[in-house]
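Inspection log for the structure reproduced underneath, given as structure tokens.
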Amino acid sequence: MGNRSLTEADHALLSKPLVPTSAEHTQTQEYPRPFVDGSNSQSGSELQASPQGQFGEKALTSTNRFIPLANDDPGMQHEMGLDPSMRRRREEWAERGAAKIVKDVVDPATGELTKHVVKMGIKDFKFGEQLGDGSYSSVVLATARDSGKKYAVKVLSKEYLIRQKKVKYVTVEKLALQKLNGTKGIFKLFFTFQDEASLYFLLEYAPHGDFLGLIKKYGSLNETCARYYASQIIDAVDSLHNIGIIHRDIKPENILLDKNMKVKLTDFGTAKILPEEPSNTADGKPYFDLYAKSKSFVGTAEYVSPELLNDNYTDSRCDIWAFGCILYQMLAGKPPFKAANEYLTFQKVMKIQYAFTAGFPQIVKDLVKKLLVRDPNDRLTIKQIKAHLFFHEVNFEDGSVWDDNPPEIQPYKINAEAMKPLQKVSESDTTVKMANLQLAGNGHADTPLQAPAATSQEHSVISMTAATAAFNKDYTSQPKLGSKSSTSVRSASNNTDREVIQKKVSKNRASVSSPSISTTSRGKDNRSRSSDAFWSRYLQNMDERVLLMKEVALSTRNLEDSPVGLENVALDYKNPLDIEPPTDSAGKFYKKMFLITNLGRALVFVKRRSLSMWEEQEFELQFELELNDVEKIRFISDQVLEIDGSRTIFIGCKERAVLMKLWKLIHNGMTAKPKVVSPKSDHKMFDKFILQKRQNTKKKNQAPPVPQSNRLINGLPDRCILKTPEEGALHTKRPTSLQTRSSSNYSKLLARSTQMRKNMTRTDEK
């Protein structure tokens, strides 16, 4: 154990026994249970280390030394080879550190169950593979020698705990597991034991790993899986808070999956155990102040709450924030706040800077927005979360959350049902009434809201997948010609107050008409599908409709600003029947149309007819335009598309080079004037792009050349060497990957490769 030995105070702190309830003595349990004996039971305590990316210092030594010696036959031979005094010392510690448990034994004579007190320690288990490790603990698989049951044993070094002053974390986790023993959704602690050097926690074994591995395996989870696991997580968190424990480090790595694919919360080393307050109720139930502030800086960067970073305090509502982050990650496949390092991640958390991925379900988006709020007073309570429309089919009262079988794990795919706006639910059901209160954005029942909440009907309008919320409101009424209006919209993407001023100047054109968009169910939609007949080949399915259309000017001479702006695009929305067919002649370029559909897709169509070698041939370029500059543009509603960075154009192909060329083409043609204004500049760019695209396609269809040999010439592969037949000399072609390197670095690389070639030549001669 090193130069320092454990004192009596250290042993007293690390060796508090687990005290079972009176009900545990009368129950029949096939697993061993703790025994009430404080005099001789030396119970260890667990330490959950900080995984990668978590706050706190890393281990100074390797955690492999925490793993106990596998006590199989080779291990026994190793024990036999020890010095007799050392072997006797180990046996004494195995006897002293063993846990006294009550075990049900069947009397062979009478056939009755009798309770026997037995000792179980390190010699009663066979240790196997390592399941995981942390900064000062390791988790190994252990098998009971008598029953063959598998357990997860957490091993902690006593010396390291005392030297790094981590004993308090072990004590906290031990007390938390004591209070939570038998709670659904919480890892079960059976008993603890120790030897001279280590503490051991005998825990429930989770064969399916952690929740993060499940998300990484499938990339994301569909709505059914997300609802199933989210309901279990929030119910387990509710049980924690009812017992007076705040986890403070909920994340996918600390959520494990048992043999039945049910969630189990673990890692209570940083938990906060609240003191019990005097009860003011008639039933005498314990009361805990869940809003008591704590200044301990604990948690994980991607899931830490903003009040801990901004105000240096946290309470039980940090668990609700972490739940919102996990719910987002289930559907998106990544945390909402993720950056290159922890500092940048903290900056995103403090600014509530996150964006929803394309096609994110509307109902889940509504819930996440009300959880990831800067002010904890504005976040939903657990009761309001359970009453949300997303959990409308989940019954948290009858325990079916834990009894239902898990669904088939499938990744999330964008579908029309998920993109539908939230419907106003019936007022008759009590549970649905709670959902309406939650949908209206009410905060905690105990704390007043700082801003008025929108009604359910207004929320339904805001959720429409059209250009903006203000634009949706104007869809329901015809605009007056010659009038000017300004509409203010409050953004719901985070808790900061953003106002987007949308100015619409109507033109005196008879063809300008507002399509009638109904905010009710699709069955009451009065629109005729014939209006989408022309664009039917571009729509994904029967549920997709064209909501907005704009004819974009083609000549950069006529563009003062980007046509993506509100003033230029959102102005002239048209009915598809009012648009002349894009195939009508309009010069070399036919037309460029900008569309928005109810599934949140923004499409740009370019039609032209080449007059050269591909005469009478029509080229169609289809882009999916995702506009994210929420602070300035907000053209696409926050219910549709939000992506970090500047405007990005996606094409329906897998060629990255084509994508970049298209971006340059559209960006230069729409947002800036060319240095030399020429009506042919756009045409030349387009012709050059089409020509290069056809050439790239031909090259792609050709079979790649087979290299003559695997030898390196000048340290470079054969494909980098060109041989001129006339000269018969070898010319080194500089690889494309080295184009960005400086000439000095390339010279050094070439010199080194030349030396390698000489060495290879000498080897061949020998």
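Keep in mind that glycine also has a Cβ here, set from the backbone N, Cα and C atoms.
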Where Swiss-Prot places phosphoserine when the choices are Ser157, Ser231, Ser296, Ser646: Ser296
Position flagged as phosphoserine [Swiss-Prot], chosen from Ser138, Ser294, Ser536, Ser637: Ser294
Which range of 156-201, 570-615 is region 'PIF-pocket', per Swiss-Prot: 156-201
Composition by DSSP (helix, strand, coil) of residues within the region 'PIF-pocket' (156-201): 20 helix, 13 strand, 13 coil
Alpha-carbon distance [Asp249 (active site, proton acceptor); Ser137 (ATP binding site)] in Å: 17
Cβ neighbour count (within 10 Å, all chains shown) around Ala206 (ATP binding site): 20
Reduced DSSP assignment, Glu253 (ATP binding site): helix
Integer Cα-Cα distance in angstrom, Glu204 (ATP binding site) to Asp249 (active site, proton acceptor): 20
Recorded positions: Glu204, Asp249, Glu253 - member with fewest neighbouring CB atoms within 10 Å: Glu204
Ala206 (ATP binding site) and Asp249 (active site, proton acceptor), Cα-Cα, nearest whole angstrom: 19
Cβ neighbours of Ser137 (ATP binding site) where a neighbour is any other Cβ within 10 Å: 26
For the region 'PIF-pocket' (156-201), mean pLDDT (0 to 100): 86
